[in-house]
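Heads up, the thing below is written out as structure tokens.
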């Protein structure tokens, strides 16, 4: 528990304010200690001074003790007033000791400590303010870029629509002209054809088959667009779009600055319609189809930055003119006022300067917009890259200052403890009669425990754990280009063509290669729990944050703990945890009610039910990380203390709340969930993957029938991407989502597995039914050959439904 891990908020300011409020309070406590020391010193000095005056002011008078020079009473009186003077001197000395031993040194230290606190607070607030100001500028640049992209899309779509209309009109006129020519003029005899050069066009029209609307339709039918990996012909697209436009609710929305948009549907409305009418209830396929509608120019996101499709009622999508054109519908025309209102925000920024100066006067409007989009894209990328560097530098600076402030606060508490000891010593050295009181003071001084006070300060005032808020570079036309960290994991995995993002699988594979090179099991286990300076992690993050494949040479330049820390940072920078924050309270309820060992089976079923609707990439990533660590712990056999530490390290990566507070920071169910993932992975994920596989097969059957109904099945050669731990090849003559059971005889699959790679299969004796538990599902474990990798043949007549940790295939071996 430390300052560096407990005082974070999304805006940075909230956490800093909470911490520095307590540190400033500490400065006030220093002043109180000094005030106490001053008060005692002044009291001692005043008391001592008054006692020092007694031997002078109360010396024997001539009419009193002074008249009896040899009397014993006079000697006693003189002795007493002398001792009082001596006692006064001792009190003056105590006051001097307090000033020298307490007030002067601690007063100087306290003043310097206050300067340090004030400097750090002002410095960090200034850095945060600069960061916020830069963020506002980045937002403006991003808005200009996306507005320009929309303008370019609109202009391009307008041009394409005109070309389509002109082409259709020309084809119609040509067909009408050819028909009238063939009816009015008799065919020219073959022998006169060479002389009739001026009538060559009529000759061709008469002797060559004219392209009729039916033949044009056949050509249209051959043109295909892939939506959710299923090819759609023009006829299928027309039918799909016309049904969607007719049945999905549409509305108008008004967005500040940008104006009013019509023909708007929400992401959730689109997904609901697709799952009910197209994807047989599969939400992931519906989301992919929605994304492909955007990529093909039928939809566009409005009111938000980017062009990603999300199954959410918050995200609004506008049906573009191309959708109405392809559907054979007429889009309602906007009035002049509406058009001006909706486009004003897009045209006004920079319009005057564009009219006054144009460095490329010969370019067409489309070419000009394309050039401006490219220039703004580069400018946006540079601005966001710089802004991201500013953010990481700010976080590093905050961590350095918070670490320094924690040391200062610890020093302050220790200094006060020493001051109180010196304060007591300053008195006891000269006033022996106060022994009992001083002993009590020593007990109070010894009861001060700086470490406990630091912990109390953190527990009572913490604001949140470290969760960076990333501004992501988002290319309008290629969302996955040029950026890796901070983006949606599903989009990242889809861009990589994998279920588990390449950055995750590459780092896990690299760590697998590094473990044998480390000194011992303790060091290997420490890769995941040792504290790594944020600056080192950010260096690797910067090298990996390019949207490209992960270069093993880049990872090799960094120590294993830094590589593992980069993976943890990647997961921490995701927009949401792998198990979404909306499930936070549900998970908490499960562990509150069924947290014991006796409720394991029921708890696992509840967790599976919560995980099943999640995006496949999130489930696969949790499974891959859990399997990696499961193997590591199986080899290294860590202590229970390490398992606790690892569970705490991973808990916030797997599950975190939408907003943090004192209650959520004390919750333990995220830790328990992480322990279950690590120690009961098979019990949770095997059944989950089986259900997802069955759902995928049901969806694929529908997609296949949809594809084949249009006569568009194609013979495809497909290779399944696999990790470096095993290789496999397959060729299939099925259409993209064809049901594997329907084509057993048309497949020929071969597999080659490395050592210790497992795969799950099931018999084909009841292919159409759901897979059942028990002997119908079994596992093969390959063994190593004498040299090289192991080989294991998959028995005939079985279906491979899962291979290793991040590759799932739907392949059937032909029966013998």
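Using the three backbone atoms N, Cα and C, a Cβ is placed for every residue, glycine included.
It is 695-744, from the ranges 695-744, 745-794, that TrEMBL records as region 'Disordered'. The region 'Disordered' annotation in TrEMBL falls on one of the ranges 168-225, 226-283, 284-341, namely 168-225. Note on the domain 'F-BAR' (1-453): mean pLDDT across this stretch is 78. For the domain 'DEP' (260-321), the DSSP-based tally of helix, strand and coil residues reads 25 helix, 15 strand, 22 coil.
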